[in-house]
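Undergrad: Pulled the feature table from Swiss-Prot, pasting it below:
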type: ACT_SITE; residues: HIS303; note: active site, proton donor/acceptor
type: BINDING; residues: ASP241, HIS243, ASP270; note: Mn(2+) 1 binding site
type: BINDING; residues: HIS243, ARG274, ASN302, HIS303, ARG399, HIS426; note: substrate binding site
type: BINDING; residues: ASP270, ASN302, HIS351, HIS426; note: Mn(2+) 2 binding site
type: REGION; residues: 184-496; note: region 'Catalytic'
type: REPEAT; residues: 29-62; note: repeat 'TPR 1'
type: REPEAT; residues: 63-95; note: repeat 'TPR 2'
type: REPEAT; residues: 96-129; note: repeat 'TPR 3'
Amino acid sequence: MAATITDDIVATVLESIEEKSYEDEKEKAGMIKDEANQFFKDQVYDVAADLYSVAIEIHPTAVLYGNRAQAYLKKELYGSALEDADNAIAIDPSYVKGFYRRATANMALGRFKKALTDYQAVVKVCPNDKDARAKFDECSKIVRRQKFEAAISTDHDKKTVAETLDINAMAIEDSYDGPRLEDKITKEFVLQLIKTFKNQQKLHKKYAFKMLLEFYNYVKSLPTMVEITVPTGKKFTICGDVHGQFYDLCNIFEINGYPSETNPYLFNGDFVDRGSFSVETIFTMIGFKLLYPNHFFMSRGNHESDVMNKMYGFEGEVKAKYTQQMCDMFTETFCWLPLCHLINEKIFVCHGGLFKEDGVTLEDIRKTDRNRQPPDEGIMCDLLWSDPQPINGRSPSKRGVGCQFGPDVTSKWCETNGIEYVVRSHEVKPEGYEMHHNGQCFTVFSAPNYCDQMNNKGAFITITGDNLTPRFTPFDAVPHPKLPPMAYANSLFGFN
């Protein structure tokens with residue numbers, strides 16, 4: 001496998017350390033740790049994690065495992081973070097940060113009871129630690145709320161938010177001078193909406209709820225796997241994660257044209273979270289979906305879920321810009337988003353990837369019940385969370401959910417289901433895209449300079465109905481207002 005930029009940086013750092021003097025392996029590991037700490041501070045998490053790994057091989061300590069766990073958390077590799085936190089605690093049961101790291105990883109995976117157990121351990125050891133007490137109290141609230149929600153979920157007479165909305169009762173203030181949605185969505189309305197968002201102004205709550213309710217009712221009618229036909233000679237565009245980077249979304253349209261009946265798009269999940277313009281992003285997409293329902297497609301990602309939205313900013317942003325009721329409405333709506341798309345019966349598009357088990361067919365996918373929060377295993381979980389790996393076979397996911405699947409898995413699945421290749425997203429790539437598995441799997445990621453720190457390009461894929469060979473267009477990030485990523489995220493648990 002070709003060396004990456006990360007590999008080159010790590011090699012350079014290690015060469016410089018070899019040129020220095022050190023008394024023993026313990027001191028050498030400490031020097032590598034110091035270098036890794038600096039890369040972590042500079043938010044270069046790939047290099048930091050690799051350097052911590054080298055130091056661990058030389059002289060493993062609880063601190064090294066704890067530090068690498070933190071780097072993995074930043075990379076959203078929650079499974080690896082859990083494993084490192086366990087190792088840190090095994091080496092030193094009094095290492096409090098090990099419990100913190102494990103709790104944070106479990107929080108990200110929605111395993112709140114396990115997280116609460118670790119926060120209890122920290123509070124017991126550090127009873128006067130205000131931060132530990134705050135985390136314990138907040139996690140306790142979440143566990144209590146989950147118990148309450150589980151209890152009322154058995155109430156079949158409970159109405160959805162959509163059923164309780166009274167949009168007509170929402171008054172429009174005389175001072176409101178933004179877009180007005182009187183009847184059906186029009187192209188003029190959507191373009192005015194984008195202009196309003198670019199000027200950092202809001203759509204009125206009444207119109208926002210009206211759009212969201214219409215979108216909710218529409219996506220409920222869709223199948224779990226949507227089938228798309230691209231006619232001969234016609235272009236079709238596939239985009240990956242956008243993650244609330246509204247101004248980069250607008251740049252895609254500047255480069256590739258606005259969505260229309262002659263310029264259709266598919267956005268492959270993770271519309272929201274992390275980027276602090278997720279509200280603007282999702283309402284722009286909803287606008288185009290309602291305007292061009294048969295030419296603008298949206299697939300669910302792992303971040304279109306309740307747990308992720310609570311941790312990574314979307315819930316906080318919606319509450320700040322609108323209301324808790326709208327958060328709840330989005331939660332209900334996201335559960336009805338399709339899980340995947342099939343283009344011309346040959347291109348399979350999903351957010352994450354393929355499956356832990358052999359034998360999954362397109363018909364199995366069609367029959368999958370998607371109206372729920374993502375489970376920890378099964379077809380729906382794998383579609384949202386899995387990643388390709390370069391070696392044959394399958395491996396446990398470093399994310400802690402889903403699996404890693406090799407080229408043999410992809411080849412067999414494509415042959416079984418008559419698929420030419422798989423398009424998925426879910427992972428940052430330096431050029432915005434990457435080919436895997438001998439051209440039978442492609443990653444596309446459309447959030448350039450992800451979180452204002454990764455320096456990656458974004459990309460999108462174009463095909464035509466008579467030429468399904470993917471063509472990639474990389475693009476750079478564009479400026480945005482001075483609101484940092486994760487501005488609305490749950491800072492209490494380290495998710496910002």
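Glycine residues also receive a Cβ, built from the backbone N, Cα and C atoms like all the rest.
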Undergrad: Greatest CA-CA distance (Å) over the residues HIS243, ARG274, ASN302, HIS303, ARG399, HIS426 that the record ties to substrate?
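TA: Across HIS243, ARG274, ASN302, HIS303, ARG399, HIS426, the widest Cα separation comes out at 18 Å.
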Undergrad: Sequence gap of 6 or more, C-beta under 8 Å: which same-chain residues meet both conditions with respect to ASP241 (Mn(2+) 1 binding site)?
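TA: Listed in sequence order: ASN268, GLY269, ASP270, GLY301, SER425, HIS426, PHE445, SER446, ALA447.
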Undergrad: How many whole Å apart are the CA atoms of ARG274 (substrate binding site) and HIS243 (Mn(2+) 1 binding site)?
TA: 6
Undergrad: Taking DSSP three-state, what's ASP241 (Mn(2+) 1 binding site) in: helix, strand or coil?
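TA: Looking at the DSSP assignment, ASP241 (Mn(2+) 1 binding site) belongs to a strand.
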Undergrad: Going by DSSP assignments with H, G and I as helix and E and B as strand, what are the residue counts for the repeat 'TPR 3' (96-129)?
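TA: Grouping H, G, I as helix and E, B as strand yields 27 helix, 0 strand, 7 coil.
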Undergrad: Taking residues 6+ outside the repeat 'TPR 3' (96-129), which of them lie with a CB under 8 Å of any CB in it?
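TA: Result: 62-63, 65-66, 69-70, 73, 76, 78-79, 81-82, 84-86, 88-89, 135-136, 139-140, 142-143, 146, 307, 311, 373, 400-401, 493-495.
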Undergrad: Report the DSSP secondary-structure composition of the repeat 'TPR 2' (63-95) as helix, strand and coil residue counts.
TA: 26 helix, 0 strand, 7 coil
Undergrad: Test of understanding: give the count of other CB atoms lying within 10 angstroms of the CB of ASN302 (substrate binding site).
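TA: The answer is 25 other Cβ atoms.
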Undergrad: Tell me whether the residue listed as 'active site, proton donor/acceptor' sits in a helix, a strand or coil according to DSSP.
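TA: In the DSSP reduction, the residue listed as 'active site, proton donor/acceptor' maps to coil.
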Undergrad: For the repeat 'TPR 1' (29-62), what does DSSP give as the number of helix, strand and coil residues?
TA: 28 helix, 0 strand, 6 coil
Undergrad: Can you list the residues of the same chain, besides HIS243, ARG274, ASN302, HIS303, ARG399, HIS426, whose Cβ falls within 8 Å of the substrate site's Cβ centroid?
TA: GLU76, ASP241, GLY269, ASP270, ASP273, GLY301, MET308, TYR312
